[in-house]
Amino acid sequence: MRSLVIAASLALGAAAAFGASLAQADNLKIGYIDPLSGGGASVGEVGLKHFQFLADEINAKGGVNGQQIEIVPFDGKTNPQESLIQAQKAIDQGIRFITQGNGSSVAGALLDFVAKYNDRNPGKEVLYFNYAAVDPVLTNDKCSFWHFRWDANSDIKMAALTNFLKQRPAVKKIYLINQDYSFGQSVRTQARAMLKEKRPDIEIVGDELHPLLKITDFSPYIAKIKASGADTVITGNWGQDIALLLKAAADAGLQTDFYTYYAGGAGGPTAIKQTGLSDRVFDIVEGNANDAPASAQKTEQEFRDKYGVTLWYPRAVNEMRMFAKAANEAKSNDPKAVAAKLEDMKVEGFDGGEIVMRKDDHQLFQDMFVRSFGPLKPGQKFDEEKTGWGWTTQGRVAGKDTLLPTTCKMERP
Amino acid sequence: MLELITFSTLNGLLYGMLLFMMASGLTLIFSMMGVLNFAHASFYMLGAYFGFEISRRIGFWPGFVVAPLLVGAVGALVERYGLRRVHRYGHVAELLFTFGLAFVLEELVNMFWGKLPVDYRVPPSLDFVAFRLFDTTYPAYRMFMLLVAVAMFAFLIAVLTRSRVGLIIQAALTHPDMVAMLGHNVPRIFMLVFGVGAALAGLAGVIAGPALVTQPSMAALLGPILFVVIVVGGLGSLAGAFVASLLIGLVQTFAVAINVSLADVVGAEAAARLGDLGTVTVAQIAPVIPYLLLVLVLIFRPKGLMGTRET
């Protein structure tokens with residue numbers, strides 16, 4: 001009798017769970033796999049808000065082929081193994097689109113995982129949208145049909161930064177400090193190679209790799225930079241690693257220029273203001289709210305009003321809008337059909353300028369902006385983290401000028 | 001070079017003293033109660049968050065005083081209603097209890113303050129440059145941290161060696177049963193020690209919060225290194241914890257400054273046989289060095305530098 005009761009309740013439970021999954025099956029789910037705890041959480045949390053905001057925007061316009069988009073968060077902990085477990089969990093829930101950005105080591109693992117999964121499970125393919133992992137290898141040697149990248153890869157960013165450095169003859173001694181993993185290593189290698197070519201007179205006085213998202217006090221590194229006599233620091237650090245680096249620089253009164261990839265992230269602007277380095281900290285991004293088109297400024301304002309944070313990822317806007325467009329044009333929410341439509345898709349970018357998803361390697365090309373951070377200039381609307389300081393565009397590189405060749409040999413299904 | 005050495009020493013001392021503020025409580029708790037408190041770094045985190053919350057409402061200085069007391073109270077409650085009940089099931093149960101507690105506290109902090117770092121600022125009264133040496137500035141706040149840590153160390157030593165309570169604690173360290181026989185309330189002493197240990201960690205959190213980052217992962221980042229400190233220093237030895245804290249603080253800071261790799265020492269050809277290991281600089285492996293020290297100490301001197309009994 002007892003076993004019968006158990007069996008019955010199990011069956012009921014299973015039926016209930018099945019019913020629930022049926023009810024939710026109406027939504028088009030996108031799995032968001034990024035750090036929601038640990039050192040990367042400060043960026044992962046804000047990234048999640050972007051995608052929820054963008055899903056709301058698309059849903060308000062009727063969704064995608066009649067389906068509403070639902071963002072399902074998974075905590076990848078900036079850890080490749082953990083992220084793969086989360087990806088499997090997402091797939092088990094029937095999710096067929098995943099998006100991830102933080103950590104190229106994670107991106108590399110996910111890319112492999114998705115490619116292998118799709119090989120084994122024809123008809124149930126999963127598509128992976130990458131909005132921020134910028135290791136060049138992902139769209140070169142390791143490229144995959146199932147992976148699309150909306151962020152400019154690290155080489156493109158470094159090319160833009162070093163071009164900008166060409167116009168600044170005052171820069172003589174550069175210190176490189178990066179995170180010790182695939183992306184950080186690629187930044188240092190490219191910086192060395194490109195500087196050698198474009199500014200052979202520059203001396204590289206230091207080349208540091210430090211553990212990823214584990215340092216709580218950068219003072220020892222700052223003391224070392226100071227001792228090296230560098231006048232400029234180049235860093236690909238992101239998350240707390242950039243905020244804390246700048247904070248330690250402020251404490252020690254380090255007066256160098258900073259060329260960064262991600263100084264705009266959480267805590268970065270506050271720390272820059274502490275350093276007092278007015279318009280001497282630069283970053284390289286795909287948009288600047290302060291001189292974006294009116295439509296982008298409106299979205300920026302809405303985002304800030306709703307969440308109280310800056311819209312860091314114009315590329316996420318491009319990603320979700322292009323995804324919706326591709327699916328609607330394909331008249332299907334099937335990943336394979338969406339992928340086919342995304343290839344070579346050309347649209348107007350969120351921050352203006354034409355953007356193109358190159359078919360050869362699934363890398364998006366877009367205008368890039370070199371910005372500096374300082375007191376708001378007349379007419380500028382957006383400051384950061386209530387500092388009264390904001391970003392000013394110092395240079396704009398047209399998307400077509402960022403085209404780099406790819407070694408990708410895409411295998412198409 | 002002199003500049004680098006000076007500032008590395010200062011930074012190393014500061015980091016070491018911060019470690020000591022936490023390790024002192026941890027080593028007292030361990031030697032007295034036999035509990036390896038995995039949640040100790042969580043009290044440090046609580047201290048930072050309480051300090052932040054109070055400083056946001058009434059100011060840094062009230063937070064500086066009240067937050068450690070609050071953390072101490074939380075610690076005492078944890079001992080009274082948690083650990084003491086678990087105690088009867090033995091040390092493994094206690095260990096697991098504190099292990100779980102660390103996760104619970106982190107999750108609670110996540111729920112109350114979110115996962116993003118909070119904006120815990122240095123008070124304006126300490127936000128100036130203490131001194132300038134070789135063109136590098138040293139913030140007054142860091143000097144303040146150093147002073148607080150030294151004051152706390154002096155206070156702890158004074159209490160333990162000069163006061164009645166200190167004598168009872170010392171006695172309870174080695175002969176808890178005898179102390180109980182003499183009519184002292186040993187469980188209450190345990191509660192007191194646990195509370196004070198937590199309060200010290202809380203104090204470390206309050207002063208480290210504005211200088212480092214106040215975020216939920218701060219406990220997990222600092223936790224493991226505390227165990228290194230108490231093992232290297234020797235269990236039950238406050239002086240050992242002090243020496244080990246400074247040692248690890250200095251070693252880690254100086255290691256960052258050293259760019260030498262194996263290839264520089266034995267020559268590039270010999271080092272090439274070791275692959276990547278040959279070219280890795282000391283600076284790159286700086287974060288691992290304390291753990292290497294832990295392993296070596298356990299192998300060659302299980303008592304630790306100044307400990308009196310085996311680990």
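Glycine too: its Cβ is placed from the backbone N, Cα and C atoms.
Automated prediction, rather than curation, is the source of TrEMBL annotations.
Features of the protein shown, as given by TrEMBL:
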TRANSMEM  B:12-38  transmembrane segment
TRANSMEM  B:58-78  transmembrane segment
TRANSMEM  B:90-113  transmembrane segment
TRANSMEM  B:140-160  transmembrane segment
TRANSMEM  B:189-212  transmembrane segment
TRANSMEM  B:218-235  transmembrane segment
TRANSMEM  B:242-262  transmembrane segment
TRANSMEM  B:282-300  transmembrane segment
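With a cut-off of 8 Å on Cβ pairs spaced 6 or more residues apart, the transmembrane segment (B:189-212) and the transmembrane segment (B:90-113) reach fewer than 3 such pairs and are scored as not touching.
Remark: the transmembrane segment (B:242-262) makes no contact with the transmembrane segment (B:90-113), by the rule of 3 or more CB pairs under 8 A. The listed stretches are B:12-38, B:58-78, B:90-113, B:218-235, B:282-300; of these, B:12-38 has the most Cβ pairs under 8 Å to the transmembrane segment (B:140-160). Only residues 6 or more beyond the boundaries of the transmembrane segment (B:12-38), in the same chain, are considered here, and those with a CB under 8 A from a CB of the stretch are 44, 83, 87, 91, 94-95, 98-99, 101-102, 142, 145-146, 149-150, 152-153, 156, 169, 172-173, 176, 189-190, 193-194, 196-201, 203-204, 208, 222-223, 225-227, 229-230, 233, 235-238, 240-242, 244-254.
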